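In what follows, a structure is listed as structure tokens, so that the remarks can point back to it.
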Amino acid sequence: MSDTIAAIATAHGVGSISIVRLSGERALEFALKLSHKTKLTPRHATFTKLFNQNNEIIDEAIMIYFKAPYSFTGEDIVEFQTHGGFSVSEVLLEELVSLGARLALAGEFSKRACLNGKMTPLKALNIQDLILSKSALAAKIIARNMQGNLGELLEKIRTDLVKTLAFVETSIDYADDDLPSDLLEQISTMCEENSKILKEIYTLSQSKKGLIEGFKIAIVGKPNVGKSSLLNALLSYERAIVSDIAGTTRDTIEENFKLGTHLLRIIDTAGIRESKDVIEQIGVALSKKSLEDADIILAVFDASRVQDKEDEKIFDLLANTDKKIFWILNKSDLENVFKNTQNKNFIKLSAQKDITLLKEELQNYLNSFDSEGIMVSSLDLINACKISSEAIFRAKGLLEESSLEFFAFELNLAINELARFTKDFQRDEILDEMFGNFCLGK
């Protein structure tokens, strides 16, 4: 990490300011050359003109110097706050490269922070998740994770496992020295407790992932019951074509919208019915796939039409699902001839007039999800918790069978999985993969 890296840290586009970030051994040297200054006071904002090597002015900017190790990366960092737009920051970046800086790779600033002990990979993932969060609630949950509770918990579990492994491997090396029965009991209890904690983390994260990622809602029903009208009403704008002709929607339509603090992704599906039309058949297949992927289902029926076999097929399709279903009787402002033979608790509404009741029911359901507790958004970390929990559980069984070598193997597996997200992990190839999806300049 002897080279000095540079990147634009703000999003591309027109704005009031743009920030160019510089990190490495020569960061201060380059900043002094650009500004014609002889020194910079750490952590002080300095207003200055910036010049290229032909002594032509680039911009007037604010420059802040963070002296190592008291910086984001643990190296010398200089941040330039220039005027915004597409050009100025690009010109400054080109000038830094001509002085000897290298363009940073995606996530390289965060990677250097991890390698220099300024943060754990878990903290870096939380920062990236916060940047990409799509709702106020998601940002709140991720910000809470950043305060260290999850990182401290994983580090404690990893430390417990390492200490236990040391005892067991010593016993393996000195076969004549059996582990005392009281110590075996303590180890067994430790395994049971830590396996349970990790299982709770990944099961909670899976069951409540909609709080962070957004809940997926699929609208389903036979053709021409008002599914597209309902989609438009929820979005508050005309997104889908509304027609009296059955089968108008042949593909799924997906859009995001917010209800309170919750992000929702709503999917309007093609009407489900028997059809000889090949394109419509494909649409129906996509509709059924959307139901599998959805967290919530809005099952729509037409109050102005007598219940028929196509309605029955919708009931049958949803009979064995464990997903939350809102049963909706649309067009309830018209003469109601639909017979509720299934005794469903229908929400009666008119999608073209008022869906307030549906919004209230949805809001109440979403608010019933407790946002407290440790929730993980990273699929990689969820899988690591699952693998570790299962390995520790297996290790406990092997301990009871006195299979210490296999016990040590399982414990090592759990330790290595958790270590990828804690302060002791330093393997460059895994960090490269982890930070490859980060923003440039982060």
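These residue numbers are counts, starting from 1, taken along the chain as shown.
Glycine is no exception: its Cβ is also placed from the backbone N, Cα and C atoms.
If you look up Swiss-Prot, you'll see R21, E79, K118, K442 marked as (6S)-5-formyl-5,6,7,8-tetrahydrofolate binding site, on the strength of sequence analysis. Annotation comment: Swiss-Prot describes N224, S243, I245, T248 as K(+) binding site. What Swiss-Prot records for 224-229, 243-249, 268-271 is GTP binding site. Summarising the annotation, Swiss-Prot assigns domain 'TrmE-type G' to 214-367.
This view paints the features noted in Swiss-Prot onto the structure.
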residue : record                                              : DSSP (3 states)
R21     : (6S)-5-formyl-5,6,7,8-tetrahydrofolate binding site : strand
E79     : (6S)-5-formyl-5,6,7,8-tetrahydrofolate binding site : strand
K118    : (6S)-5-formyl-5,6,7,8-tetrahydrofolate binding site : coil
N224    : K(+) binding site                                   : coil
Number of Cβ atoms other than its own within 10 Å, given for N224 (K(+) binding site): 19
Of the binding-site residues listed as R21, E79, K118, the one whose CA lies nearest the CA of K227 (GTP binding site): R21
Pairwise CA distance, N224 (K(+) binding site) versus R21 ((6S)-5-formyl-5,6,7,8-tetrahydrofolate binding site), rounded so that it is a whole Å: 55
Binding-site residues (R21, K118, K227), the one with most neighbouring Cβ atoms at 10 Å: K227
Within the predicted model, mean pLDDT of the domain 'TrmE-type G' (214-367): 78
C-beta crowding around E79 ((6S)-5-formyl-5,6,7,8-tetrahydrofolate binding site), within 10 angstroms: 22
